[in-house]
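Contents: one structure, followed by commentary.
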Amino acid sequence: MFYSLLQSDYVALFAIIAFGILLGKVSVKGVSFGLSAVIFVAMFYGYLTNALGMEDFAIPGIIQKIGLLLFIFTIGMQAGPSFFEAFKSQGSKLIILAVIAVFSGGLVTFLLGYLFDVDFKIAVGLLTGALTSTPGLAAAIESSQSPLASIGYGIAYPFGVIGVILFVKLAPKIFGISVEQQELKYEEEANAGTPELMNNNFIVTNDNIHGKTIGDLNIRFMTKANISRVMEPNKESKPPTKETVLHKGDLVKAVGTADALKRVEILLGEKTDTKIPRSGIHEIRWFVISSRNVVGKTLGELDLHNNYLATVTRVRRAGVDLTPRPSTRLRFGDKILISSTKGNVEGLTELFGDSIKMVETPSFLPVALGIIVGILLGKIEVPLPGGSAFSLGLTGGVLMAALGLSRLGKTGPIIWHLPSNANALLRQFGLLLFLTPVGVGAGTKLVATISEYGFQLFGIGAVITLVPMLCVTIIGHFVLKVNFLSLMGALTGGMTSTPGLSAMDNMTESDAPQVAYATVYPFALVSIIIVAQIIGGL
């Protein structure tokens, strides 16, 4: 009975997943392996079946492939928008640090593998374990077509977790950095770079404004602020349109940055504490973008002023308030704050969809179609000199497809969107399906590998973890002059180490590490997959 259960691949699959999840929840001084613990349970299971003489036992390879496809695609869908935004933001220095972390790790892996005559299929596993990158491991196994990478991953992973935590804890003392001073410096820079949206009321006192329309004045272009409410003396307030005429004594409510509101004051007149109450016909409310018809369109194309007597005062995307501009392109799931008349609310609701349920209800059609696109993309071969050819392969093709489609947002009637909760569920499920057969296959070769190489693999893995951290810290601190809190966030992002980022929570109340981590993580993720494919193919 016991042996028959051991030999049942489906029983083994879910037993390994269950015990792996339980093991991953065990925390020692705040450190746990999470879902990655599944690979250790799977390796033990593989070793056990081999020791009991069941050499032919294996979990069907199709399960590993399906898990890989789901995992890589959802990773790309999650990282896509941030990945491309990182190029346009002020995070160029942080991205450089991510490149340094990944490629210095890859270089060290290649050199040590060559010097110590380590099979590169194992060496690439050491790299992905040292950088705690399961997507990198997936790329390594797919390019090398060998389970040996997972052995290297399992050997290097524990120090990859613990080493980063210890480093970020000790780095301020080693480099003589005051965390408190870095917090103050970061807040000053952050406030200067991302001004907060505010609102003020103004009274029109400028003689040159009297009798002119909002459209004639082109207030949005002149001040970079949005007018949300206008009230004539002794009358009810009303939503503004381009045809709204301003007179001396009118009260105007504007929304924008502090600098934008100063320009409004210069253009219209002085600020006032007089309230501008909403009229009975006035409505200000948030709308959720859930209609396919407006996804991908700009606010200028919708022309809400003329069509609905409506003014967009804010756009909220992923929890961040953006200043609306005619060029602002709407994405599925955006929230927009609109000032309009109550009579136009129904029309605006029909236009935008305004359905949270639709935004949060997953559709698996984009997942299936996206994976097919990725598989086809991965099969395209680019001829290289010497008669060889390069292709992205299964992992690279699916990843690039997911990154591109998530950025594109919409193709005809298809919305390339997956709610965060559905993405997390599919990503974890795919990871579990991938790690289990990989770990079982590696477990059968674990003893033979350690017997051949001894414990030098543990040392090589530790060096691969330490060298990128030292390179990033020295270059980031002394050459690029990056704020040390942001530097530690970039380091943990470049090492794709969430436990390392968590270690910063007890050191600072600033969000600098989290912002830097989020900036570089998608880029590091893609870089590790590329490097792992290169080394795994050696």
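Positions of Cβ are set from backbone N, Cα and C atoms, glycine also.
Some features that TrEMBL has for this protein:
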type     : residues : note
TRANSMEM : 6-23     : transmembrane segment
TRANSMEM : 68-87    : transmembrane segment
TRANSMEM : 94-116   : transmembrane segment
TRANSMEM : 122-141  : transmembrane segment
TRANSMEM : 148-168  : transmembrane segment
DOMAIN   : 184-270  : domain 'RCK C-terminal'
DOMAIN   : 272-354  : domain 'RCK C-terminal'
TRANSMEM : 364-382  : transmembrane segment
TRANSMEM : 389-409  : transmembrane segment
TRANSMEM : 429-448  : transmembrane segment
TRANSMEM : 455-478  : transmembrane segment
TRANSMEM : 484-503  : transmembrane segment
TRANSMEM : 515-535  : transmembrane segment
Using a Cβ cut-off under 8 Å, which residues of the same chain at least 6 positions beyond either end of the transmembrane segment (122-141) come close to it?
36, 68, 71-72, 75, 101-102, 105-106, 109-110, 112-113, 147-157, 159-161, 164, 393, 395-396, 399, 431, 434-435, 438, 449, 453, 457, 460-462, 464-465, 468, 495-497, 499, 525, 528-533, 535-536
With DSSP as the reference, give the number of residues of the domain 'RCK C-terminal' (272-354) in helix, strand and coil.
20 helix, 29 strand, 34 coil
Stretch contact, the transmembrane segment (455-478) with the transmembrane segment (389-409), Cβ-Cβ under 8 Å, 3+ pairs
no
Would you kindly list the residues that approach the transmembrane segment (484-503) from elsewhere in its chain, counting only those six or more residues past its ends and only Cβ-Cβ distances under 8 Å?
30-32, 94, 97-98, 100-102, 131-133, 136, 160-161, 164-165, 167-169, 171-172, 175, 177, 179, 182-183, 186, 465, 468-469, 472-473, 476-477, 510, 512-521, 524-525, 528
Residues outside the transmembrane segment (94-116) whose C-beta sits under 8 Å from one of its C-beta atoms, at least 6 past its ends, are 86-87, 123-124, 126-127, 130-131, 456, 460, 463-464, 467-469, 471-472, 475-476, 480, 482, 486-487, 490-491, 493-495, 516, 519-520, 523-524, 527-528, 531, 534-535, 538
Sort out the residues at least 6 away from either end of the transmembrane segment (364-382), same chain, that have Cβ-Cβ distances under 8 Å to it, and list them.
69-70, 72-74, 77, 389-402, 405, 414-418, 426
For the domain 'RCK C-terminal' (184-270), the averaged pLDDT of the predicted model is 84
How about the transmembrane segment (148-168) and the transmembrane segment (6-23): do they have 3 or more C-beta pairs under 8 A, pairs 6 or more apart in sequence?
no
